[in-house]
Amino acid sequence: MIFQGWFLFLRFCSQFVKVTSSIYDMGLARKLERDEEEKQFVHCIQMAKDEAENERKVIMADFFLEKDQYFKKVVSLMESLEDSQGIKPEVNAVDGPKHKPTSSLTEVEEEESEEYEVMGQIQNLNFDFSDLCQKILETLMSMEMHLYEQIEETLANYERKITDLVNNFLESAQALFVSCRSLQTNFSEQLATVVPRFFNVTRARIAASKEIKQDIESVNIEQQENCFSIVPKILEECLESTDALQNAIASSHDIHVQMIDAREDKLISEAKNWLKENLSEHSRYEIQGNRERLYEIITVINKVKEEFEELQASLVTLPMLADMEIIDE
Ligand SMILES: *[C@@H]1O[C@H](CO)[C@@H](O)[C@H](O)[C@H]1NC(C)=O
Ligand SMILES: *[C@@H]1O[C@H](CO)[C@@H](O)[C@H](O)[C@H]1NC(C)=O
Ligand SMILES: *[C@@H]1O[C@H](CO)[C@@H](O)[C@H](O)[C@H]1NC(C)=O
């Protein structure tokens, strides 16, 4: 009798473990599938980024060449302006005129009209350069927008695929959990037929041992204990009441089913959380990358604009510095 219950238990264990290991093995296999999917996704995004990066580099290189041209032009215009200012009194000379007014009126007029022309050219250069910066900014921004659209598309694709993978995994896992539950039900049913018989027999043995005990009191205490010790202490109550035994079997079954259900729920909720977390992590990362690139574009263009302004500002002060005899030797 003991042997039969024990056999049922061992068989239940080995069948159960077989199912749970297949959940585990399947889980590992599906993880590899997800890793592969993620690898492709990352690769795809990286390619789009590299391509955009290369395009951006070409555009920036051209832009910097053009920028150098503008810088050179403005320097030479400013210098010619400075030259004409240099021989002219009271232009930009903050700390008073040092040059004697020697020029005739017409010479001054000629110089002034020349100066106006140069200043007009400088102003045009400024407009053109500002337009160029704006154009480059718009080009880079729209490239970045295009890149981000590609990333979003790839991300949506990844989301679809990885969600499918997770859902398929959960479906397969849930089918295996159904097997777990039916193994448990089967085990419990078989237990319900075998165990009462065992308790009947045990009960009979104990009764018999009590009779013997009444006959020869001193010798059979040990034998009596043996009979009791077959039944674990926690189940001794079941010896007296068949209801208690049925309840014990039923509640054991309930507890097992609850454990199986809880484990299934845990797997499902963890998988769903993982999915949500994984997707939002990727999207957070890409959004941040997009912001950083936009910030970089705006910063670089602004910096170049500033440099252009600073260059002119520094040139404007040249005649003044010359007057102060800092630059001229
Ligand atoms: C997202 O899932 C993939 C595939 O399993 C994994 O390689 C990656 O590390 C996960 N990333 C995050 C942020 O959880
Ligand atoms: C219980 O399992 C045994 C052995 O696997 C099988 O022979 C029997 O048909 C099952 N019974 C039920 C009710 O599923
Ligand atoms: C156990 O014994 C009781 C009476 O002693 C009997 O009614 C019952 O059918 C028995 N059960 C089994 C499973 O042998």
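Each residue, glycine too, has its Cβ placed from N, Cα and C.
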(request) Among 141-168, 169-196, 225-252, indicate the range for which TrEMBL gives the feature coiled coil. (result) 141-168
(request) Would you mind listing the long-range same-chain contacts of the coiled coil (141-168), meaning Cβ under 8 Å and 6+ residues beyond its ends? (result) 30, 33-34, 37-38, 41, 44-45, 48-49, 52, 55-56, 59, 271-272, 274-275, 278-279, 282-283, 286, 290, 293-294, 297
